[in-house]
Amino acid sequence: MSMSTVPACIEPVAPLAPQAQDLRCFNTLGLASHAPAFVALTEPSQLPALSALAPRFRQLVVLGGGSNVVLPASIDGLVAQVRLPGVRLVGQCADAWVVEAAAGENWHGFVTACVDNGWDGLENLALIPGTVGAAPVQNIGAYGVELADRFHSLTAWDVKGGRWVEMGAAECRFAYRDSFFKHQEPGAWVIGSVRFALPRPWQPVLDYPDLQRHAALDGAAPTARAVYDAVCAIRRAKLPDPAVVGNAGSFFKNPLVDAGTRQALLGRFPGLVSYPQPDGRYKLAAGWLIDQCGWKGRQLGAAGVHDRQALVLVNRGGAQARDIMALAAAIQGDVERRYGVRLEPEPVVVPAR
């Protein structure tokens with residue numbers, strides 16, 4: 001793989017002093033979790049210190065907003081939360097704005113700032129929880145747009161190599177809810193900043209049925225602000241607020257199947273919800289599969305399935321990782337027995353050791 005090393009700046013190394021930390025408020029599922037060793041990364045100059053510190057621990061767990069992780073009751077290792085701040089316009093040309101955001105920026109806050117400044121193109125990704133740095137790892141997507149569609153490049157810290165590396169789309173190897181980073185040793189990389197190429201002129205992406213049905217987008221030429229507002233309204237109506245009900249957003253990926261499998265399923269289940277993909281495959285609506293298995297609104301111990309969106313697993317109070325994963329396994333089993341399709345979880349499941 002071709003990557004370019006960023007020349008190191010000559011600056012003092014900021015020290016890191018690990019401390020014990022309760023992580024219940026550091027994950028949107030609200031799971032009880034404890035880190036005996038925790039550090040917050042607030043400036044790039046701390047990354048060399050992280051490289052020096054990490055080998056002393058069994059594992060390094062890198063956290064962003066904690067919106068796409070399942071944390072164990074106790075983590076035997078070092079937990080580093082990325083809080084690097086900053087948003088700036090770094091370039092523009094005839095067909096794109098290039099906007100850079102530091103990894104610790106709140107994702108929705110960044111999208112809002114782009115809309116406010118007329119840097120359009122990310123509005124379909126509004127209200128996705130988490131941070132900018134976590135977004136490329138998952139290749140987040142919603143309502144017809146993926147991060148990869150707007151990606152320019154990123155800068156990441158190679159923890160073992162002790163260097164900053166510049167990576168383009170080819171190096172990141174984006175796929176559906178997937179990237180290069182998800183196939184590396186956990187804690188091997190810390191994303192420092194991400195740059196986005198936002199199209200000029202802008203065209204709305206309204207392929208998703210919910211957006212097509214939204215009254216605010218009935219006009220002939222909807223603005224980016226109107227799309228942003230519609231996405232926020234739809235998400236608030238369908239998805240629980242993690243500040244009120246602990247959840248990690250969509251817990252399962254929409255499974256991809258070939259045309260033959262989809263046709264066979266349609267023969268048995270005429271109401272099957274599916275979406276054609278550019279490569280000829282079909283994406284099945286995981287929420288529909290789960291709902292048809294009778295899981296919407298059900299509870300298993302302290303974990304449950306949201307009553308309005310079957311893709312969302314929730315913490316009903318006092319849940320731990322084992323409760324969430326037991327519920328996920330039960331759902332996977334029912335869906336596979338009925339449809340012959342295996343659902344894959346979206347969140348990263350952090351091992352205790």
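Any Cβ shown, glycine's included, is placed from N, Cα and C.
These come from Swiss-Prot:
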- 31-201: domain 'FAD-binding PCMH-type' (DOMAIN)
- ARG177: active site (ACT_SITE)
- SER250: active site, proton donor (ACT_SITE)
- GLU346: active site (ACT_SITE)
Query: Over the domain 'FAD-binding PCMH-type' (31-201), what is the model's average pLDDT?
result: 97
- prompt: Counting only residues 6+ apart in the same chain, whose Cβ is under 8 Å from the Cβ of the residue listed as 'active site, proton donor'?
  reply: ALA286, GLY287, LEU311, VAL312, GLU346
Task: Compile a sequence-ordered list of residues in the same chain as ARG177 (active site), six or more apart from it, whose Cβ lies below 8 A from its Cβ; state 'none' when nothing qualifies.
output: GLN138, ASN139, ILE140, GLY141, LYS253, GLU346
Message: Give me the count of other Cβ atoms within 10 A of the Cβ belonging to GLU346 (active site).
response: 18
Message: Can you tell me whether DSSP puts ARG177 (active site) in helix, strand or coil?
response: coil
